[in-house]
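Asker: Quick one: the structure is below, questions incoming.
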Amino acid sequence: MDTEIAALKAENESLKQQLREQGQLPMSLEEFKRYGRQMIVQETGGVEGQIKLKNSRVLVIGAGGLGCPCLPYLAGAGVGQIGIVDNDVVETSNLHRQVLHNSSKVGVLKCESAKDVLVKLNPHIKVDTFPVRLDYSNACRIFQGYDVVLDCTDTPLTRYLVSDVAVNLGLTVVSASGLGFEGQLSILNFKNVGPCYRCFFPVPPPPNSVSSCQEGGVIGPCIGLVGVMMAVETLKIILDSYTLDNFKPFLMQYSGFPAQSLRTFKMRGRQATCLACGENPSITRDSIERGHIDYELFCGKRDYNVCLPHERMTVDEFQKSFLKTAELNHILLDVRPRHHYDISHLPNTFNLTVKELRDMDGDMSQLKREIPTVGAQSEVLVLCRHGNDSQLATRILKDQFHLKNVRDVKGGLFKYIDEINPAIPKY
Amino acid sequence: MVSVKVEFLGGLDVIFGKQRTHKLNVPSNSGEEVTVGTLIDYIVEKMIKNAGDKCVFIENDSVRPGILTLINDTDWELEGEKEYVLEDGDIVSFTSTLHGG
């Protein structure tokens with residue numbers, strides 16, 4: 001009995017000793033084990049670097065093609081607090097590139113779907129979710145409390161907003177984008193000294209030159225690589241690998257085709273004339289939060305609504321009046337890009353894009369070369385994917401070719417598939 | 001005459017027959033030095049086949065907003081923009097800004 005008590009006492013003492021020793025450690029033994037492989041890379045600064053990561057707070061805006069590959073590396077590396085802003089839900093068409101989500105998450109909020117994976121990956125970190133669309137009224141409130149912001153968004157409008165708010169709150173931004181097989185990456189407002197998005201792009205691009213992933217397409221691993229590179233840059237910022245002395249503004253350009261290449265361009269510094277971070281800034285936290293900076297007006301919008309009501313028809317009318325009739329005395333013109341058309345299309349259609357029509361400059365002989373039966377009185381029905389380009393094409397056919405009976409199909413092929421014929425492949 | 005390499009990145013190649021890099025001999029105007037400004041005029045006049053495509057590259061007499069111009073991998077803002085005098089072997093890159101995420 002006595003020996004048993006003595007043994008228990010000894011064990012108790014040894015456990016107490018272990019606890020005392022652990023209490024003096026900056027993190028748990030499990031965390032030492034977990035981060036060991038990166039801590040022994042000298043560039044991370046070992047335990048000291050790991051503590052920097054543990055104490056860091058990173059906000060990721062967008063849990064899509066860039067956010068998904070980036071987030072697990074931040075979580076895995078032990079970034080102590082990760083915020084995710086995204087109000088979209090997972091769609092099947094996201095899954096080829098947004099690899100944090102999976103088929104069972106279709107319809108679930110992307111920020112919650114991502115959080116699910118991250119907290120399982122690393123239980124030592126905290127993940128906050130913001131299922132809202134970032135705008136001028138909520139951005140400052142959301143950004144507060146974070147050290148680094150990752151811009152994984154997909155429109156010029158949010159890119160200007162993220163940069164402006166970060167400048168005003170003194171946060172460094174890791175900004176990236178991708179489309180097709182290309183990607184770009186930069187660090188903005190580094191330690192509140194480096195150039196911001198407006199320094200690089202004081203004037204926004206014309207709206208019709210901006211293409212989205214939905215429109216232009218995107219290769220999963222190409223944008224994924226850029227997302228992973230964002231994680232690398234974020235770790236370097238947190239680990240103080242970049243300093244005010246050694247940081248030089250840059251923009252990286254990745255291309256997946258034809259041969260993979262990664263270029264680093266040397267970029268301009270902060271611009272004295274910049275409206276956000278220059279010498280006399282007019283974009284302040286107050287002016288942003290009051291809605292005085294009109295981002296929508298600044299970035300503009302494409303105007304697709306160029307057809308009058310009588311120049312348009314519903315998919316229902318399209319089906320009843322034209323597709324069901326036996327004889328073809330009308331012309332069906334599909335104006336989607338050729339490689340879209342090749343994926344799926346309706347029978348008995350011609351395929352000419354808006355650009356091809358525009359390039360004909362209203363020359364009927366060129367149009368007849370493509371559509372031999374076309375004439376001024378022909379009944380022409382135009383459709384595209386969603387009913388935007390078809391309106392532009394209708395305008396060109398009526399105004400430049402002077403065709404009298406042209407109408408576009410509202411909502412395009414995809415609405416037709418949704419409402420009338422779900423057997424046609426939608427992509 | 002100066003011989004340079006020109007690149008069209010970020011999807012800009014679509015208005016240049018889908019060809020990303022071009023080797024050019026840019027003639028000088030009456031013996032003057034060939035600047036990046038001269039090169040831009042040359043591209044607009046000689047290389048963009050379709051008049052309707054010019055607005056993709058140029059706006060208000062300069063490179064369209066949203067296109068970055070780089071001279072030997074350096075932002076042209078640091079190199080004198082249109083005034084930069086080209087030398088044989090220079091690489092001038094134009095890249096459209098991407099926005100997808």
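Indices start at 1 and increase along the chain as displayed.
Glycine is no exception: its Cβ is also placed from the backbone N, Cα and C atoms.
Automatic prediction, not curation, is the source of TrEMBL annotations.
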Asker: Can you match one of A:G65, A:G76, A:G145, A:G170 to the ATP site that TrEMBL gives for A:D86, A:S93, A:N94, A:L95, A:H96, A:R97, A:K110, A:D154, A:T155?
Answerer: A:G65
Asker: Around A:C199 (Zn(2+) binding site), how many other CB atoms lie within 10 A of its CB?
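Answerer: Around A:C199 (Zn(2+) binding site), other Cβ atoms within 10 Å: 26.
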Asker: If we check Cα distances from A:G65 (ATP binding site), which of the binding-site residues A:C196, A:C199, A:C274, A:C277 wins as closest?
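Answerer: Sorting the binding-site residues by distance from A:G65 (ATP binding site), the top entry is A:C196.
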Asker: Determine, using Cα-Cα distances only, which of these recorded positions is closest to A:R97 (ATP binding site): A:C199, A:C274, A:C384.
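Answerer: Checked the recorded positions A:C199, A:C274, A:C384; minimum Cα distance to A:R97 (ATP binding site) goes to A:C384.
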Asker: Can you tell me how many other Cβ atoms are located within 10 Å of the Cβ belonging to A:C277 (Zn(2+) binding site)?
Answerer: 25
Asker: Which of these recorded positions is closest to A:C196 (Zn(2+) binding site) if you go by CA atoms: A:S93, A:L95, A:D154, A:C213?
Answerer: A:D154
